[in-house]
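Here's what TrEMBL has on this protein:
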| type | residues | note |
| --- | --- | --- |
| ACT_SITE | Asp204 | active site, proton donor/acceptor |
| BINDING | Glu18, Asn154, Asp204 | divalent metal cation binding site |
| BINDING | Arg101, Asn103, Glu121 | substrate binding site |
| DOMAIN | 16-263 | domain 'SMP-30/Gluconolactonase/LRE-like region' |
Amino acid sequence: MSSIKIECVLPENCRCGESPVWEEASNSLLFVDIPARKVCRWNSLTKQVQRVTVDAPVSSVALRQSGGYVATIGTKFCALNWEDQSVVVLAAVDKDKKNNRFNDGKVDPSGRYFAGTMAEETAPAVLERHQGSLYSLFPDHHVKKYFDQVDISNGLDWSLDHKIFYYIDSLSYSVDAFDYDLQTGQISNRRSVYKLEKEEHIPDGMCIDAEGKLWVACYNGGRVIRLDPETGKRLQTVKLPVDKTTSCCFGGKDYSEMYVTCARDGLDSESLLRQPEAGGIFKITGLGVKGIAPYPYAG
């Protein structure tokens, strides 16, 4: 095993940092701060960070094939032009649920933007249950709804052969799998591939590595865990110096670095003294495994 190194590369003080995604073209990490309504782009070469503020909580960001980005803002799928900081609404969901917002989102291998909703929290992980749904925005901008009764729609990714869709509804404490049809975007046959242990707390954001194993950020657990979705076994635990780890992605040169986002909201002053880097962006090197490039939205 190579020695693992964990460093806070950006002390951003995010209230709730989320949705890290690597943009190879600019050697940058994109991420959001949900309640601060900010989309951020950190250049790993210059160490500069740029921020765009939007008009509602922004929960995920993704690359767009035609340039710029897409993001989930409030209950809308939006296109984001970085140069002039303009936002164009592509589609809206949950119009009957005024208290809802999107949460985590990610683009599938054929360019559809998947994202799920949840009720606004009254405190971290405290909310009206079963108010969310899972959706995807197709390249032609039509929206498909997959299922409802979701608590906190969270981590998502696809197997390397694109035949399985992995998904987390946080308060189920489970990482689930579905059979996936890449041609149609249909999902079926839901099952659990991993149930979290008590000390792992709440499963949040997730990504897949080049060996087909899943990495899950554990909110309140202060760690990312590596899982084998075929055996249901945990292979590795990497602990971070912050409790509220929210999501993870691979990036950097040949996708050999892992970036982890986290949150400050919900920490009392004593906890903040104990973890001054809470809300920062962390880089983990020496994992001995690489990730894969993110897919861009095709619409």
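Cβ coordinates are placed from backbone N, Cα and C, and glycine is handled just like the others.
Within the same chain, residues at least six positions away from Asn103 (substrate binding site) with a Cβ under 8 Å of its Cβ are Ser59, Ser60, Thr72, Ala115, Gly116, Thr117, Met118, Gly132, Ile152, Ser153, Asn154. Remark: of the recorded positions Glu18, Glu121, Asp204, the most isolated position is Glu121 (fewest other Cβ atoms within 10 Å of its Cβ).
Separating the Cα atoms of Glu18 (divalent metal cation binding site) and the residue listed as 'active site, proton donor/acceptor' is a whole-number distance of 9 Å. Cβ neighbour count for Asn154 (divalent metal cation binding site) (all protein chains, 10 Å cutoff from its Cβ): 29. In the predicted model, residues of the domain 'SMP-30/Gluconolactonase/LRE-like region' (16-263) average a pLDDT of 97. A 10 Å cutoff on Cβ-Cβ distances gives Arg101 (substrate binding site) a total of 23 other Cβ atoms nearby, all chains included. Each residue in Ile34, Pro57, Ser59, Asn100, Phe102, Thr117, Met118, Ala119, Glu120, Leu127, Ile152 lies on the same chain as Arg101, Asn103, Glu121 and has a C-beta within 8 Å of the C-beta centroid of that substrate site, without being one of the site residues. Rounded to the nearest whole angstrom, the C-alpha distance between Arg101 (substrate binding site) and Asp204 (active site, proton donor/acceptor) is 16.
Recorded residues Glu121 (substrate binding site) and Asp204 (active site, proton donor/acceptor) have their alpha carbons 15 Å apart, per Cα-Cα distance. In sequence order, Ser19, Asn103, Asp104, Ile152, Gly155, Ile168, Ser170, Gly205, Ala217, Tyr219, Thr246, Ser247 are the same-chain residues whose CB sits within 8 A of the CB centroid of Glu18, Asn154, Asp204, the residues recorded for divalent metal cation being left out.
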